[in-house]
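Participant: Take this structure, written in structure tokens, and hold onto it; I'll ask about it next.
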Amino acid sequence: MSKFKRNLITTALPYANGPVHIGHLAGVYVPADIYVRYLRKKGEDVAFIGGSDEHGVPITIKAQKEGVTPQDIVDRYHKIIKDSFEELGISFDIYSRTSSKTHHELSSAFFKKLYDEGKFIEKTSMQFYDEKAGQFLADRYIVGKCPHCGNERAYGDQCEACGTSLNATDLIDPVSAITGNKPELKETKHWYLPLDQYEGWLKEWILEEHKEWKPNVYGQCKSWLDNGLQPRAVTRDLDWGVPVPIEGAEGKVLYVWFDAPIGYISATKDLTPEWEKYWKDPETRMIHFIGKDNIVFHCIIFPAMLKADGSYILPDNVPANEFLNLEGDKISTSRNWAVWLHEYLVEFPGKQDVLRYVLTANAPETKDNDFTWKDFQTRNNSELVAIYGNFINRTLVLTQKYFANRVPERGELTDYDKEVLAEIPQIVERVEKSLETFHFRDALKEAMNLARLGNKYLADTEPWKVIKTDEGRVKTILNICLQISANLSTLMEPFMPFSSQKLREFMNIDVIDWGKMGDGVIPAGHELGEAGLLFEKIEDATIQAQIDKLLATKKANEMASVKAAPAKENIQYEDFMKMDIRVGTIIAAEKVAKTKKLMKLTVDTGIDERTIVSGIAEHYTPEEVIGRQVSVLVNLEPKPLKGIVSQGMILMAENADGTLSFVSPDKEVKPGSEVR
Ligand SMILES: Nc1ncnc2c1ncn2[C@@H]1O[C@H](COP(=O)(O)OP(=O)(O)OP(=O)(O)O)[C@@H](O)[C@H]1O
Ligand SMILES: [Zn+2]
């Protein structure tokens, strides 16, 4: 870090077609915030940049579906995302948006400069056009079958099932996502960044000069570079985005992945008039925090754009994370399979740090990881509450009880005391080392070791017993515990800023400088504040409610994905008329003994009173059905079922989830009325 004067920390711009979920947080925003808070504590100059990515096809599609404008969509989600980040303590210096005036001007000028300098190639090609909609079908406007995995709903730019990036013309049987029509190919002109020309330079810069990048990032770059780079179109035929600022490009906008990373620059420009210092001075260290699907854009395409311009610095590191899954399934905005940050903040008020803790302790740093609510509960109850919270609580309560809430004077130190105190700077050092190499899980684990150390020290020294015989010794013990507690308030701050603030209030202390951590941070005689609980136990019922919510989503998704069974072959009217269907009234009902599904019904069919055995016992109780009018096939050949002869069949509608419901007349009719 030493050769740099300042830090420019960017986070992937969340796409403004939905709120932020725990995957985004674990992959990008929580680690970035930890890193930034740490740098600030070390006294570094930092600009922490965020903002919403507000262009691109998914936003226009969503707007069309809802019958609103794309601007309405991005306004809605920009606000939800910005507010929820703030409440979680993601401490951006600016949270901007790519629909801003600054961004339109800057990204437009960026393109124009490269265009004027001849850095693009111009190409006409055949692209899909929807005659009925009167527009070209860029990216997600076109869907079809993936040539790699057979997924029927692959998009024109990517198959989400197998992750392959595609060209629209690769799709099998493509259709327009707007009208469902079969599109035609039509000629259109676009500008391409000739990535192939940057290949040699990129190989040198990444594969030789940045061997220290995380293996997952380095590996993905290497595979892209080894496969050879192709010119990449940086414009699209769309009307939502930054217009292409040259003649003959009417109706075209910049490709969303061309303008989005420039959003980091325009956000910095909105933050400070000295933005060029952050972007153009080689003494700035730039770090991009992103998830794995953004690696190619931040390690290859954006650097090539910056290089083409020539006046910008390049990232020093891109510590991309792998993906977080939820209860065994890929998190998905469109399938609503997510824990949404804005909902969490309402459902778990005051528990921001619990989420920050769990997402860091379980971060997908080297491989995809799974978030489960059970793990969330366990980490809260047996780590935050039982270790950190418990240590703080015992220390503060005992000090209040024995020493009138004042830090007691220390006596002579035992070897054990000295060892424990000597551990503090060592733990701090290990935390620093992990943070500086983007190992946030290890850093948090190490920070928790300080709380573990305190807990163990208390358990070993047992001040609650010693107090009966040696008050002087207890003074020393609690003095040491209070030193550890005060250190924890600083060491934990990058990870869990809210509880650190709370702890400082409990102890009535100011922020302790990062560099001052160690023994002697809190003087004897200092009066503590009013103690409370740092963390609270989370009950089973709370967790079950969250699990139930996910189960409901799963069920809704299953229902939505079920297609109606295909139509049967045609029959003649006479075939239909052979069936004698009547309205009957159920007059008695009981479950058939030793079966789960069967119910024995007595039905008044208008013709007679008869017994019918029906497989409805899992869907209705006998009490519920008595008195109901139902449709009965009365001329079905009688058949014994579990020793009872069933004389006919009750018609049931079977829902996609397998539940059954009666087909009943919508007003009462006389039993025996014919159904046809
Ligand atoms: N499940 C996840 N785990 C880790 N990182 C993620 C996850 N989902 C998204 N990210 C990262 O969060 C950042 C912002 O994501 P973006 O808004 O582009 O959403 P996305 O990838 O389209 O997600 P979704 O499809 O769930 O909306 C990106 O860098 C992305 O890689
Ligand atoms: Zn596929």
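Yeah, the Cβs are placed from backbone N, Cα and C, and that goes for glycine too.
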Participant: Between 14-24, 102-112, 223-233, 608-618, which stretch does TrEMBL give the note motif ''HIGH' region'?
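Facilitator: It is 14-24 that TrEMBL describes as motif ''HIGH' region'.
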Participant: For the motif ''KMSKS' region' entry in TrEMBL, name the matching range from 315-319, 330-334, 655-659.
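Facilitator: Feature motif ''KMSKS' region' in TrEMBL: residues 330-334.
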Participant: How many helix, strand and coil residues does the domain 'TRNA-binding' (575-676) contain under DSSP?
Facilitator: 7 helix, 43 strand, 52 coil
Participant: Cys149 (Zn(2+) binding site) has how many other Cβ neighbours within 10 Å of its own Cβ?
Facilitator: 12
Participant: Would you mind listing the long-range same-chain contacts of the motif ''KMSKS' region' (330-334), meaning Cβ under 8 Å and 6+ residues beyond its ends?
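Facilitator: Cβ under 8 Å, 6 or more out: 17-18, 21-23, 323-324.
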Participant: Just to be sure I understand, if DSSP states are collapsed into helix, strand and coil, how many residues of the motif ''HIGH' region' (14-24) fall in each?
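Facilitator: Summed over the motif ''HIGH' region' (14-24), the classes give 3 helix, 2 strand, 6 coil.
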Participant: Ligand 1 is in the model; which of the binding-site residues Cys149, Cys159, Thr333 have a C-beta less than 6 angstroms from one of its atoms?
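Facilitator: Cβ < 6 Å from ligand 1, in sequence order: Thr333.
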Participant: According to DSSP, collapsed to three classes, what secondary structure does Cys146 (Zn(2+) binding site) have?
Facilitator: coil
